[in-house]
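Undergrad: What TrEMBL records for this protein is below:
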| type | residues | note |
| --- | --- | --- |
| DOMAIN | 19-186 | domain 'Era-type G' |
| BINDING | 27-34, 74-78, 136-139 | GTP binding site |
| REGION | 27-34 | region 'G1' |
| REGION | 53-57 | region 'G2' |
| REGION | 74-77 | region 'G3' |
| REGION | 136-139 | region 'G4' |
| DOMAIN | 217-294 | domain 'KH type-2' |
Amino acid sequence: MTEEHDIAGSAAEPAGPTHSGFVALIGPTNAGKSTLLNRLVGAKVSIVSHKVQTTRAVIRGIATHDNAQIVFMDTPGIFKPRRRLDRAMVTSAWGGAKDADIIMLLIDSERGLRGDAEKILESLKDVPQRKILALNKIDRVKREDLLALASAANEYVAFDQTFMISAENGSGCDDVMDYLAKTLPEGPWYYPEDQISDLPMRQLAAEITREKLFLRLHQELPYASHVETEKWEERKDGSVRIEQVIYVERDSQKKIALGKNGEAIKAISTASRKELSEILEQTVHLFLFVKVRENWGDDPERFREMGLEFPRQ
Ligand SMILES: Nc1nc2c(ncn2[C@@H]2O[C@H](COP(=O)(O)OP(=O)(O)OP(=O)(O)O)[C@@H](O)[C@H]2O)c(=O)[nH]1
C-alpha cells in the first residue's frame, strides 16, 4: 500500500516510534462488526463516516491507540456482497484482505460456528497473514461455552491470539487495541490525523463522477480527464453540497465534456448525484465544473489526489 505512505508525510504524529497498519475486519453478518468499529474507532478517534474506497478495500474507520494508527478495512467481497456499493467496490474475493497486515475474524459467540463462520474459517486457512480471532457478545454466553468455541475455531486456523469481547459493553476491547497497536509494523502513520474524516469520501465521490463521465463520454474522452472533489460542505438541513472539477487537457475536450447546450455535463451530474445520494443517504447538491489543465497527466499531485502511486518512469 505504498500510495498511502505518500500521504503520511504531513501526519501529526506523536514523538517516538510509531506503528501503523491495516486490519481487515471480517465476520459473518450480524457478528457485530459495525458495533465493534464504532467502539474501537470511538472517542479518541476520527471515524470515516461512510464507506470509503481505497484501491481494493473499504476503509471503515481509523483509530489511534498509543503510538499506533490502526486502519480498519472491510472486505465485503469475501462472502455475499449484498449492497450495491459493496458489489461495486469488490474487485476480487479476498481483495482487501490481501493488503491487510492483520486479519481479524469476529464471531458471534452465541451463534458459534454455524453457517458462514465455518465457511470463513475454512477459507482463512490458506491466507498468509497474521490472524486473530475475537469472540463477540460474551455477555450472552457462559464461560465454558466460550472456551469450547475458542478451541474449536483454533482447530481450523492457528490464530495468533484469541480475544473474548463484548462490542456492546466494551469488555475486552482495550486488549484488542493494545495488541493491534504493538503488533502492527513500526512505521509512519498512513493518514494525517486531522484530515481523516472526509478525505477518502471525497475520493470516492470523485470516483463516482469519473465513472459517470466515462460511461457517457469514453469514446470521445478516453483518458484525458480526471475528477477532483474541491468542496464538501455538510449543511444544517442534513444535505451536503459537493463541488467537483473535471480536469481535461484541451479546450476541445472541455467542449465535449460540457456537451451541446450543457447536456453531457447535466446528465453526468444527475447520474452522479443520484448515486451519491444513495450511498450517503442524504440529499446531495452536486456542482460540476470543467477546467482545462494541460499536462495534468504529468503532475504527481493529481495522482496522489486519486490515491494512486505516481509512476516514476
Ligand atoms: N449482546 C450483544 N449484542 C451485540 C454485541 N455486539 C453487537 N451486538 C448486536 O448484534 C447485532 C448486530 O451487530 P452489527 O454491529 O450490526 O453487526 P455487523 O456484523 O456489522 O452486521 P452486518 O452489517 O449485517 O454485517 C446488533 O443488534 C448489535 O446490537 C455484543 O457484544 N453483545
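We number each residue from 1, going along the chain as drawn.
Glycine is no exception: its Cβ is also placed from the backbone N, Cα and C atoms.
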Undergrad: Which whole number is the mean pLDDT over the domain 'KH type-2' (217-294)?
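TA: Taking every residue in the domain 'KH type-2' (217-294) and averaging pLDDT yields 89.
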Undergrad: What residues elsewhere in the chain lie close to the region 'G1' (27-34), defined as a C-beta under 8 angstroms and at least 6 residues from its ends?
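TA: Apart from its flanks, the region 'G1' (27-34) reaches 74, 79, 105-108, 111, 115-117, 120, 136-137, 167-168.
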Undergrad: Within 10 Å of the Cβ of Asn30 (GTP binding site), how many other Cβ atoms are there?
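TA: Around Asn30 (GTP binding site), other Cβ atoms within 10 Å: 13.
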Undergrad: If you draw a 10 Å sphere on the Cβ of Lys33 (GTP binding site), how many other Cβ atoms land inside?
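TA: If we count other Cβ atoms within 10 Å of Lys33 (GTP binding site), we arrive at 21.
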Undergrad: Counting only residues 6+ away in sequence within the same chain, which have a CB under 8 Å from the CB of Gly27 (GTP binding site)?
TA: Lys33, Leu105, Leu106, Ile107, Asp108, Ala117, Ile120, Asn136
Undergrad: Would you mind listing, in sequence order, the residues at least six apart from Ile138 (GTP binding site) in the same chain with a Cβ closer than 8 Å to its Cβ?
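TA: Spatial neighbours, sequence-distant, of Ile138 (GTP binding site): Ser109, Leu146, Met164, Ile165, Ser166, Ser171, Gly172.
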Undergrad: According to DSSP, does Lys33 (GTP binding site) sit in a helix, a strand, or coil?
TA: helix
